[in-house]
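Pulled from Swiss-Prot, these are the features on record:
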type	residues	note
DOMAIN	4-185	domain 'UmuC'
BINDING	Asp8, Asp103	Mg(2+) binding site
SITE	Phe13	site 'Substrate discrimination'
ACT_SITE	Glu104	active site
Amino acid sequence: MRKIIHIDMDCYFAAVEMRDFPELRGKPIAVGGRSDRRGVISTCSYEARKFGVRSAMSSYHALQLCPQLILVPGRMEVYKSVSLQIREIFHRYTDLVEPLSLDEAYLDVTDCDAHQGSATLIAKTIRDEIFEVTGLTASAGIAPIKFLAKIASDLNKPNGQYVITPNQIADFVKDLPLSKIPGVGKVTSKKLADIGLTTCYDVQQYPKVQLIEAFGKFGHVLAERAQGIDSRQISPHRVRKSVGVETTLAKDIFTLEQCHQVLPQLIQELSTRVRRSAKDRQIHKQVVKLKFNDFKQTTIEHRSDEISINLFHELLLQALQRSQGRGIRLVGVSVGLADVTLASSESSVDQITQLDLQF
């Protein structure tokens with residue numbers, strides 16, 4: 001088994017703002033767009049979270065929950081710069097670093113000799129160095145596998161860490177709610193609960209064949225996670241699986257004609273991003289996303305090996321038919337990407353060892 005650390009910065013964007021503007025410290029703040037421009041919260045301070053403010057919430061709703069909330073515009077270039085400082089610290093201990101976003105990453109420290117190979121002490125040292133260099137706190141999860149390390153990093157926040165050793169895995173996952181497993185969202189949780197599955201122990205007792213019948217490939221993944229199995233390796237150079245662009249509209253729109261007016265600029269920007277960041281990848285599907293004024297969303301996708309304007313218009317029509325009279329506040333378009341060899345092969349078909357590791 002490996003020694004995996006998941007580092008997660010504490011309310012990262014908000015923490016950077018409070019560091020740079022001390023007058024914000026101790027106050028409920030959120031980084032996000034203005035409520036009169038239909039902004040959305042990126043992240044918020046712990047003081048704001050006490051009022052129920054959360055990421056991805058509309059700024060308008062956040063201000064209803066917390067009238068004294070201070071909205072701060074994001075400074076993405078600053079966040080990127082600080083993130084690079086943090087990654088430099090990671091690479092002092094291992095080259096096996098898999099960034100998930102600006103504020104979190106997996107590290108494989110199995111072969112790191114620091115602190116006699118203790119992943120627990122390595123994680124603590126990394127967190128201390130992050131604070132020394134950036135003035136920001138980070139939390140960490142330490143485990144032999146990725147998904148448990150990620151779960152563990154959330155168990156002693158803020159500015160803490162949690163360790164799951166190899167011999168603790170079985171007991172830990174037994175009572176673990178399925179909703180804690182990365183990839184199990186509200187919709188999947190409800191589907192699982194409808195068939196009596198709420199914990200990993202429930203899944204352990206459930207026939208794997210039926211799980212796969214109900215959830216497809218994810219059923220197989222879920223069965224493994226419920227047993228404490230995750231064979232994924234750290235990927236220092238993560239392969240991009242999709243490229244997309246979306247826009248939040250100044251006012252709700254309701255008609256197909258209004259939606260069509262939004263598409264050209266989105267498709268142009270998407271094409272630019274694909275050329276810039278996915279030169280060696282092959283398009284294998286197109287996706288349209290609509291978010292309605294009740295914040296529920298829908299996506300429609302179809303196989304395609306190129307960006308087709310006509311197909312985007314067809315997918316938009318199908319997505320709009322799900323609106324049920326609701327206004328549309330966001331429109332997005334994206335493409336799925338695959339290796340050139342994988343994409344070409346798809347198109348030809350119809351459309352617990354080493355338990356003595358120091359933790």
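Even glycines carry a Cβ here, placed using N, Cα and C.
Positions of Swiss-Prot features highlighted on the structure.
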{"residue": "Asp8", "record": "Mg(2+) binding site", "Cβ within 10 Å": "21"}
{"residue": "Phe13", "record": "site 'Substrate discrimination'", "Cβ within 10 Å": "27"}
{"residue": "Asp103", "record": "Mg(2+) binding site", "Cβ within 10 Å": "22"}
{"residue": "Glu104", "record": "active site", "Cβ within 10 Å": "19"}
